[in-house]
Amino acid sequence: MTYTISAPPHKKTKLDFKTLNYSKIIALLPLCLAAIYFFGIPALGIIVASVVSAVVTEFAIQTISKQKVRVADGHAAMIGLMLALLIPPEAPLWIAAFATFFAITVGKHVFGGIGSYIFNPVLVGWVFTRSAWSGFMTPASIPHIGQFSDLILEHGAGLMVGVSPILLIGGLYLIYKRYIDWRVPLSFFATMIVLPQALLFISGVMDLIHKGSLNPLMYMSQMFAVLSPSPELSYSMIGIVFFGILFLATDTATSPITKKGRIVYGITCGVLVFIYGYFANYVDGLLYGIFLANCVASFIEINTMPASYGTMSCAEKAYRRVMDKIPSSLKFEVVNNE
Amino acid sequence: MEIKKLETLPEKVIIPLRQHRGAVCEPLVKKGDRVLIGQKIGGSAEYQSSAVHSSVCGEVIAIEEAAHPDGNKVMSVIIQPEDSNESVAFSACKDVKPDKLAEFIKESGIVEHYGMPTHTVLRPKGKKIDTVLINATSSEWIGGTFKTPDDYAFQMIDALKLLMKAAGAKKGAIVLRTDDKESIDAFEGIEVDKKKLKVAPLIGSRNVGYYFNEQNSDIVIVSQERIFGKKILNFFTYRVTGRKVKIGCDPTDAGVAVCGIRSAKALYDAVHEGTPFYDTVISVEGVSNKMEYLFVRIGTTFKDVIDSYGYTGEIGKIIANGVRTGVAQYTDQVPVTKGTTRISIQKPEEVIRGESIECIHCARCVDVCPVELIPSRLAVMADQGRFDECRQIHVENCIECGDCAAVCPSKIHILQLIRYAKDAIEMAYEDMPEKESSNLKLGCGCGGE
């Protein structure tokens, strides 16, 4: 009887790259259907043109460069689908086809393919077409959340991705399944909430200073202004921001791999998106913001490398320095290790 | 937990003369000799070695190289057993003097499951041991001959005292697993030197040192979560005692001896009944729906173990010592040795066939790593031969648990790449002069003092 021999581990996860890509595509399908319902046939045309162009481009590149053809892993199709959602439905089909062609060639394969690209290919394709044909690529309207029903169906949506923020809930399921990481979305989202509220507080205080108010209680009362939602939030909590948080920022190759780094990266994304969005609009702001955050991702990564286990962090060292000076009889903590 | 005993008489028994790390034993028997149960059939004058005993009564049919579950071939004594329980006269020797105890352990053939002979762990040359730990976090080794859990707890405490006596250590601790209710209940409230002990959890900076003080006892029982891996000793020592073992050293450099339940039990038996280490309990996975436990004699072939369950299905893979880091066997004619803890069988359809693709930086490996490494980065560095950069990101801390490779969606052989880097670093620095190496902070920082 013959037995297989191989190197350990002898049991591995069933999850593979293909599953990850297809699960993202499936998570985006409800949104696509809503977009087709909302914008009609042109939206379907954009999606089909974009996905077909992506798959054909990938197939062509891998054939020409004599690599193994791996179109079936769904990565190209996923890029195509995501990019289609960022193109206005009124745009001609060739824009969609060209944007994905550019995303796959320059965005993905020029940098070395899967796992090696430094900019999210979706954003590369979008940024290029946005700059080259800004007339076609400017959305007809910029949405904002007026009432609650806007979360379910947004009538002011200019892009397909904005039609229904609630349908992006598939992304949350992917986080629950650990198909996408939770650190980046959480810190990104938290930053997007905290910054507008902080701005509200700062502007309130600045107002008081301009008025020349000297009553400290007035300043104190501004603390409570933070609790009421800032008007900025209704502009930032739109479909494309959720899409960016759940699907664009979490792209694995363009985000740091260290635990701390992912949190820092999420905050960086949040800050950049907020600055862009505050001075311009959140649709362009989100995409440019994440694009810029991609630039610093590897810088964040190399600066957040974990130390060897058991090494004290800066905070712990400072705490130790203080605690070591206090006589042990005054302390409640554990000190007597032999 | 139910433990079966292998009753059928095997066709042949293969006893490797090297079941430990160190010198190979010289065979003390010849072809055609009749040996008895417990008879010493291999021994060595070297300190770093451990005696080997026959586990059956029968005739030596060959002394030749035979397959070993580690994947290599080792000189082995092959015995054809006969249906007899004749054994050498075992005599209990309860009053062994502390300084003779190490020699006694060596003669009884007691070896840690990770390969080191127990006496070299307790009495390392030129080092002083002050704390002995019994790692009881893997409960599948428990049992065999324990009648009740209380019996187990009592014997472990006794064995710990013996180990401390052998090592000349003042302090000792037994480390349980937090989710192992059975043994925690057994140890809860046990009396040691007229003091009732509690099972104390290891949380935050509360390590054994704290509990030695709190319970005012030289022996404590603590519990922690399970960790596993091929090289866990340094990490285990850090978690339990808070002592950081320097890179390139082992726990004995920090004054800590880590023993397993199996060797503790073997020592207890050797002292109280005089029996050397020739039988053990292993777990068998894959022959039925649940985990099976089997009491076997050392030297029984894997084939006999599998056949004893009446397993007739097709076998794709036989793995010794667990599916995570174990070695796949090319034949079923390999013996159970002192270091064998588990036999796993996979059906042909369960055997994985994955093709590695590029790393997609999903960071799953980073999330699962118990020692806070960046396995994907280490794998890339090792693949490109940038070993110094591996060292800078603490490749030596790796406990080789294999979690990173198991969760990788790109199916990269991270564990092998890390081992490759570790071996390369070890080789590059092994001939470094000691003094120079400690100045440069290379190799073992302890300077071998």
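Glycine is treated like the rest: Cβ placed from N, Cα and C.
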Original post:
If you check TrEMBL, which stretch out of A:233-250, A:305-322 is marked transmembrane segment?
Top reply: A:233-250
Original post:
Can at least 3 Cβ pairs under 8 A be found between the transmembrane segment (A:118-136) and the transmembrane segment (A:285-302), with each pair 6 or more apart in sequence?
Top reply: yes
**OP:** Could you check if the transmembrane segment (A:25-57) is in contact with the transmembrane segment (A:188-209), meaning 3+ Cβ pairs under 8 Å among residue pairs at least 6 apart in sequence?
**Re:** no
Original post:
Which residues, given as numbers and ranges, are at least 6 beyond the ends of the transmembrane segment (A:156-176) yet have a Cβ under 8 Å from it?
Top reply: 23-24, 26-32, 34-35, 38-39, 43, 46-47, 84-89, 139-145, 150, 182, 185, 237-240, 242-243, 246-247, 283
